Every structure is written in C-alpha cells, then in structure tokens.
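Peer 1: Would you mind keeping the following structure in view while I ask a few things?
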Amino acid sequence: MLISKSRAWYEVDRSAIKHNVEAIRALLHGNTKIMAVVKANAYGAGDLEVSKCMQECGVDFFAVSSVDEALSLRKNGIQESLLILGYTPPEHFHYLSEYQIIQTLVSLDYAKKLDAYCEQAGVKIRAHVKVDTGMSRIGIRCVKQDDHIADVLEAYRLPHLQVEGMFSHFAVSDNIDQQEHIDFTNEQIAQFEYVRKKITEAGIKPGIVHLQNSYGIINYPELSYDYVRPGILLLGFTSDCKDRLAQPIDLKPAVSLKANVTLVKTVQPGSCVSYGRNYRPKEQRRIATVCLGYADGYPRFVSNRGSHVLIHGEKAPIVGNICMDQMMVDITDLTCDVQEGDVVTFFGEDHGAYLAMDELSHLAQTINNETLCWIGARVPRIYK
C-alpha cells in the first residue's frame, strides 16, 4: 500500500494511546494489570502498532479474536502472553503449541478435543476456561438455573492441557441507569465468584482470573482480579458518550479520519448532486468533492441525515448520497476559501476544532466500537 495523504488516511496518535493506558491504570487496584484487547486489528487502529505501543507501556498480556490475529502478532515480534478469546478450529490446533498461544476453552466438549489433540501430538497447550455467567455466547454455562460447575472442574483436570486461568464477560456493564441491568451484572459477578470458590474448594488453583471489560473497569471499580480487558478505552473512547459512568476517566481520542478535497465547483439551483438526485439545492451552492466513501468505511446510511465534516476548523454538511469512493460537501457558508487538496476531517481535531466520532455513530444508529471497525483496509494508517 502507498502510504500518503493524497487521498484519505487514518491518523493514530501513539502518545494518546499511552495516555489512555495510564488513565486506565489509575482506576485499577494495586496488583491488577492490563490485558490489552487488540482484536479486529485493534479496532481498526492497527494491531501490531498498537501492541508495540502497549509493550512500551509495560503491558505483558494481549487478547485477540482468532488464531489468524494471534499468528500475525507472533510473527511480527509480539512475544508476550497472547489469548485467543474465541474459537480455533481443530485443524489449526498445531499453531497453538507451535507459537505458544493461549486458547479459550469455549465448552467442555471443545476442551476434550483440544486435550485429545495434545495427547496425540505429545504437546501441552495453554488454555483459559471461559465461564458463561449469563451472556449466552460461548463458555461453560454457570448460571443459577443452568449450573455446569462440574464441567468447569473437569476442564481444569484434563491431563494434557495447561489450564492457566478463567474468565467471563459482562453483557450490560455499560448501563448503570436501569436497576434491572445493574442487578444482572451483579448476578454475573456473583456467579463468577461462585465458580472461582468452587474451583478453589476442589483443590484447584484457578490461575489468572479476569472479568472486567472497558465498562466493567469504569462502572465496577470495586472488583479486583488479576487482569482487566480494555479494548475501546485504549483508543480513548467509550461506546457512547451519552453513557453515564460511575467514575470519571481522563481519555484522549487517539484516532482521526481525514481526506482531501479533489474538486470545488458551483452548482446552480435545481442541479442534482450525487446518485438518486436526492439533493437538489434551491439556490446556487459551492460544492466540494472529497475522496472518501463507503468503501473506506464511512457509512452510506448517514447520507442526507445531517452528517458533517470539518474543513479549516469549520463545520460543513455532507450533501447527496455518499458514493463508494467519494462524497460531496456543501462549503457555501464557510468563511474559508476551500481549495483542491485541502484537508477534510470526518472525526478528530482540525485547526483547533473537534468533531466527535459519537456524532457519526449516533447518525448511523450504532456505537463507536462499530464505527472504529468500519475504517477500510485501503485507508492507510499514519502513526504519529
């Protein structure tokens, strides 16, 4: 890929990421450490570069979603502990031992398959037991009405696995406004503690214990486990700026999306702008074409819904349907003289002004996590 600022690019601020690591640490109990979740290419910011940044901050544990993501990090020099949070198919089990990757045990049956492979191959594979405390996604089910604690103990006792830890995942730790959601999260915590107690009572050391995701860190600070698993917090965001938080956290947004103006034109009243002829001004307007579109990760869904960009620190509306590679912006009311090559900011800082990613996420009826993951592979990441 040609790395340049001649079309569109994605700026990633390493100093902001490091600041966010320290902001997270400020909320933790003394011995609790950070397991950096860098799945999905570190939420689009670049898993290798973000992981290197984490290394510089002293982070010694990483989590990804798949064996492909794990191998990419291993082959590029990330040698710290590395946990796959999801499923690895049996035909790829050999990578786990070859590259010293920790596998999540998503069920007892799955754990037995992995154990059988280890016996046949003469290897030990490191693993963490996933406990389903109510999210009903993956893990050994351990809720009041469906308790499989015996399966957890059996997984720990499998002779050819090196089971090093246990974890679960919150379903609704982001909501502290509705009592039913608070109660559900507290029930998850209680079930997790129940499982840990049963493991200990059985004479088994649970190993590394981790539960809190990004919102769990902020909203349930009384918890104290071995690790926490921040993901989006590392990039300086919560899922939604409207979410009420139990305690403040000093985050710095670490990413911004930018592109260039490619053409400035005057369109006459009644002229159509873009596909579908959905935007036809009633008076003469100045329109700038910008070289970024939905193939780059900017959602077509927000066309003609009030989305804006920044140019020279001034807000300008996107008009007409967003195209695959381009879009049009109405610059008529700007005080600056917009020219070909000028920088357009879709979220982030521009000439002292700031356009929040939340504005785009709200218009797209989604959360910042998804917006971050939209940014396409053809948009080069520029690290500073």
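Cβ atoms here come from the backbone N, Cα and C positions, even for glycine.
Whatever TrEMBL says is automated annotation, not expert-curated.
Marked as active site, proton acceptor by TrEMBL: LYS39, TYR275. What TrEMBL records for LYS39 is N6-(pyridoxal phosphate)lysine. The substrate binding site annotation in TrEMBL covers ARG137, MET324. If you look up TrEMBL, you'll see 254-384 marked as domain 'Alanine racemase C-terminal'.
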Peer 1: What is the interatomic distance between the Cα atoms of MET324 (substrate binding site) and LYS39 (active site, proton acceptor), given in whole Å?
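Peer 2: Here the two Cα atoms are 26 Å apart.
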Peer 1: Between the recorded positions LYS39, ARG137, TYR275, MET324, whose Cβ has more other Cβ atoms within 10 Å than any of the rest?
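Peer 2: Sorting the candidates by Cβ neighbours within 10 Å, the top entry is LYS39.
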Peer 1: In Å, rounded, how far does the Cα of ARG137 (substrate binding site) sit from the Cα of LYS39 (active site, proton acceptor)?
Peer 2: 17
Peer 1: Give the helix, strand or coil assignment DSSP yields for TYR275 (active site, proton acceptor).
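Peer 2: Once the DSSP labels are grouped into three classes, TYR275 (active site, proton acceptor) ends up as helix.
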Peer 1: I'm checking region-level scores; what's the whole-number mean pLDDT for the domain 'Alanine racemase C-terminal' (254-384)?
Peer 2: 97
Peer 1: Per DSSP, MET324 (substrate binding site) is which: helix, strand or coil?
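Peer 2: Its secondary structure by DSSP: coil.
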Peer 1: Report, in whole Å, the straight Cα-to-Cα distance of TYR275 (active site, proton acceptor) from LYS39 (active site, proton acceptor).
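Peer 2: TYR275 (active site, proton acceptor) has its Cα 35 Å from the Cα of LYS39 (active site, proton acceptor).
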Peer 1: What does DSSP call LYS39 (active site, proton acceptor) in the simple three-state scheme?
Peer 2: helix
Peer 1: By DSSP, how many residues in the domain 'Alanine racemase C-terminal' (254-384) are helix, how many strand, and how many coil?
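Peer 2: Per-class counts: 23 helix, 49 strand, 59 coil.
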Peer 1: Does DSSP give ARG137 (substrate binding site) helix, strand or coil?
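Peer 2: Note: ARG137 (substrate binding site) is coil by DSSP, not helix or strand.
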